Amino acid sequence: MQGSVTEFLKPRLVDIEQVSSTHAKVTLEPLERGFGHTLGNALRRILLSSMPGCAVTEVEIDGVLHEYSTKEGVQEDILEILLNLKGLAVRVQGKDEVILTLNKSGIGPVTAADITHDGDVEIVKPQHVICHLTDENASISMRIKVQRGRGYVPASTRIHSEEDERPIGRLLVDACYSPVERIAYNVEAARVEQRTDLDKLVIEMETNGTIDPEEAIRRAATILAEQLEAFVDLRDVRQPEVKEEKPEFDPILLRPVDDLELTVRSANCLKAEAIHYIGDLVQRTEVELLKTPNLGKKSLTEIKDVLASRGLSLGMRLENWPPASIADE
């Protein structure tokens, strides 16, 4: 049945060609003209930059203080060892960070299979070479930190933030969290009945083995869909600004005059005049206070100095004083 000319075609055929356990081709068709590049480019960017995964971030090698050194009995220099560790493919279940250990001695290659780990960790490519020992008496021991993350985080961005707490000998590694190693897409012509102007999207990708290519495509599509949800309904969902209700009086005015820590003589004179709060006091003038029995110029000067230190003065006018909270007492 012929659909409306305003309706968009939806892809109805998805073919997955599993070239190997880490290499697959995904075909999606038919797509309206132009949508092949639109979807292909979006998925490619997400697969390269936004897929979560696990990567080596720090390494401690016994007897090594910095990455620009060598280790006796080891064919590779430390920089090359770090580069090999960067390519380690690790799958971690239920944790964001794990510590792996490696201890090896004697002539021969040191591979990922020599790494000791618990049941939550899986080394996907145990044959991955880390270095070579060239002497029967040679040995190498290291602690490897693996963390969960997203995208690519170079070591240089973490150096300054961790410099104060990072001990000497702990080497930082560029963290490549993305499990997708290579991705490319191609848009070919597709046909539905009499229409020949349609697109067919072919995505070819390789992973490091920690994620199935089909699952990677599914996750990327989910991320894209979640990001686009906000555009489906463009109603203004911003919450109205809640204006903070300003207090009617400065809190200091509601405090008792005892908080001013006046001398006993001055404090007793104020209480005799029913001046219990700082708000009561600042409304009095100098003339009014001098009329208070036993309160002389020395006490008046003390009161003025104490008020001035708090940004207050005598003779202030306070509208609606006293507040209900005080008037009810």
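The backbone N, Cα and C atoms fix where each Cβ goes, glycine too.
Here is what Swiss-Prot records for this protein:
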{"type": "MOD_RES", "residues": "Arg265", "note": "ADP-ribosylarginine"}
{"type": "MOD_RES", "residues": "Lys297", "note": "N6-acetyllysine"}
{"type": "MOD_RES", "residues": "Lys298", "note": "N6-acetyllysine"}
{"type": "REGION", "residues": "1-235", "note": "region 'Alpha N-terminal domain (alpha-NTD)'"}
{"type": "REGION", "residues": "162-165", "note": "region 'Required for interaction with Crp at class II promoters'"}
{"type": "REGION", "residues": "249-329", "note": "region 'Alpha C-terminal domain (alpha-CTD)'"}
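Here the features listed in Swiss-Prot are painted onto the structure.
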residue: Arg265; record: ADP-ribosylarginine; contacts (Cβ under 8 Å, 6+ apart): Asn294, Leu295, Ser299
residue: Lys297; record: N6-acetyllysine; contacts (Cβ under 8 Å, 6+ apart): Leu290
residue: Lys298; record: N6-acetyllysine; contacts (Cβ under 8 Å, 6+ apart): none
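Broken down by DSSP into helix, strand and coil, the region 'Alpha C-terminal domain (alpha-CTD)' (249-329) contains 43 helix, 2 strand, 36 coil.
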